């Protein structure tokens, strides 16, 4: 399926919010090698090309193995700053106006990197991005679900001196054997602290994990959530309660969650009234940032301009933004879609 040229242009230019991107997953091979040289880290790959070739993983676990290996080059505030600025430049080029960025402190503290180094480096880059690019952003601290809840508690407590730097907590890494209820107490603690709550659920795990994330963890947003399609009552609930799903199509394709994008359920869920949003997840590893995900999705599924407007709107509606700023972004989206033609203008007759 090909996209109409005018619609393709519009989905590239529409204002967007990115709500599901792991900052460590934006590490391109070139930057990994540059940081490895700067920090004298030996990589098990002889070249950038060899590292890129290793990105031929086939499932979530094989991806996570190389993901954590790539993160090993991140040691200083400057490293985290450079990684974040590289992402921001790509996001700005894709007309991302606001991003809520995941970071995994346990990946770094386990290697002896202080949590302050992680948060300061990322935060400094985002502060510069706000000034330099008018790029709105916030941070979400993610717990690694293959580790213990005690480790998550320790991470949350260690992050509290930086409480003003992040707006919420999330839950990522492998779902297998790590159900939402494993982290019930730490999510209760985060809620008491006034933090927003999100969680990965229903990617490789069942639809029941989505329900459990809502009922046990009390999350406000579901990351991935594509297995929700297996439960009609859950789909009705998501639509009724306006619970957003942060869907990552190229990630789903690469990890074989949905190998054929033409069979991806996001269009069916969108038509059912679910607040679907599109994001890049770990774009350096999955072959595409925001616009690549939008373009691949529209090429694979029967989506039109009204769907694109809805997807862009959903991304800002689901964002953890102050009401006035959210209203401004929504007005920007609505103006874009009402003011820009969705098909090429007719050619004027010759005089």
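The backbone N, Cα and C atoms fix where each Cβ goes, glycine too.
Copied from Swiss-Prot, the annotated features are:
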BINDING   20, 22, 200, 281  Zn(2+) binding site
ACT_SITE  203  active site, proton donor
SITE      224  site 'Important for catalytic activity'
BINDING   282  substrate binding site
- Item | Which recorded positions sit within 10 Å of residue 22 (Zn(2+) binding site) - Cα, from 203, 224, 282 | 282
- Query: Within 8 Å of the centroid of the Cβ atoms of 20, 22, 200, 281, which other residues of that chain place their own Cβ, given that this set defines the recorded Zn(2+) site?
  - Reply: 21, 25, 102, 172, 223, 224, 246, 248, 251, 279, 282
- Lowest local Cβ density among 203, 281, which the record lists as recorded positions, within 10 Å: 203
- Item | Cβ atoms near residue 20 (Zn(2+) binding site) (within 10 Å, other residues, all chains) | 30
- Cα-to-Cα gap, the residue listed as 'active site, proton donor' vs residue 281 (Zn(2+) binding site), nearest whole Å: 12
- Task: Based on DSSP, name the secondary structure state of residue 282 (substrate binding site): helix, strand or coil.
- Result: coil
- Item | Of the recorded positions listed as 20, 200, 224, the one whose CA lies nearest the CA of residue 282 (substrate binding site) | 20
- Task: Compute the C-alpha separation of residue 224 (site 'Important for catalytic activity') from residue 200 (Zn(2+) binding site), stating it in Å without decimals.
- Result: 6
- Run through the Cβ atoms and count how many others sit within 10 Å of the one on residue 282 (substrate binding site). 25
- Taking DSSP three-state, what's residue 22 (Zn(2+) binding site) in: helix, strand or coil? strand
